[in-house]
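The block underneath contains the structure these notes are about, expressed in structure tokens.
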Amino acid sequence: EEIQRETTYPDGKVERVLKNGCHLIFFPNGTWKKVGSDGKTVTVTFFNGDVKQIMPDQTVIYYYADAKTTHTTYSDGLEVLQFSNGQIEKHYPDGKKEITFPDQTIKSLFTDGQEESIFPDGTVVRVQRDGTKTIEFNNGQRELHTPQFKRREYPDGSVKTVYVNGQQETKYVSGRVRVKDKDGNVIMDTKL
């Protein structure tokens, strides 16, 4: 672009005003700033390679050169971080966080302490504040993990529970109940 005016300041800063209305300011340490002709779009390129852009809508995009990470802050308070490995984090104004991992697993962290992860195969894991975990598999099976037991529910209605002491209890749709001790020995079986 053609230069309309150039000013050199005593501190070493140089300002160029271009004919298209853009202002370029060069600092002695290698940092430079470009103010767009609209006066609202500002780009600062730092001496270390970082780049900060301020858009007309007040969205701020900051690129960290060393980490190859982009941090975007929108005027509504939403913050989005994009990492070089493909991970994306969204930090919402209400405190909720959503992380999309490179394998496309999505983990949501809610303000009340609950978590939810959705895996690429459709499996959904929910963790309550008390640590209770529910796993919903894409084959229709469901698991519940508590400090006292782990229980798996099958699509046919069968339920298998393994207690912390190792004892197992299986309830079948037919009404049959089979209980095994921690070593796998059958201690009860109500065959119908």
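From the backbone N, Cα and C atoms, a Cβ is placed for every residue, glycine too.
Please treat TrEMBL annotations as automatic predictions, because they have not gone through curation.
Record features, source TrEMBL:
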DOMAIN    4-34  domain 'Centromere protein J C-terminal'
DOMAIN    76-103  domain 'Centromere protein J C-terminal'
DOMAIN    111-145  domain 'Centromere protein J C-terminal'
DOMAIN    149-179  domain 'Centromere protein J C-terminal'
Highest-contact recorded stretch vs the domain 'Centromere protein J C-terminal' (76-103), from 4-34, 111-145, 149-179, CB pairs under 8 Å:
111-145
Tally the residues of the domain 'Centromere protein J C-terminal' (149-179) by DSSP class, grouping H, G and I as helix, E and B as strand, and everything else as coil.
0 helix, 17 strand, 14 coil
Just to be sure I understand, if DSSP states are collapsed into helix, strand and coil, how many residues of the domain 'Centromere protein J C-terminal' (76-103) fall in each?
0 helix, 12 strand, 16 coil
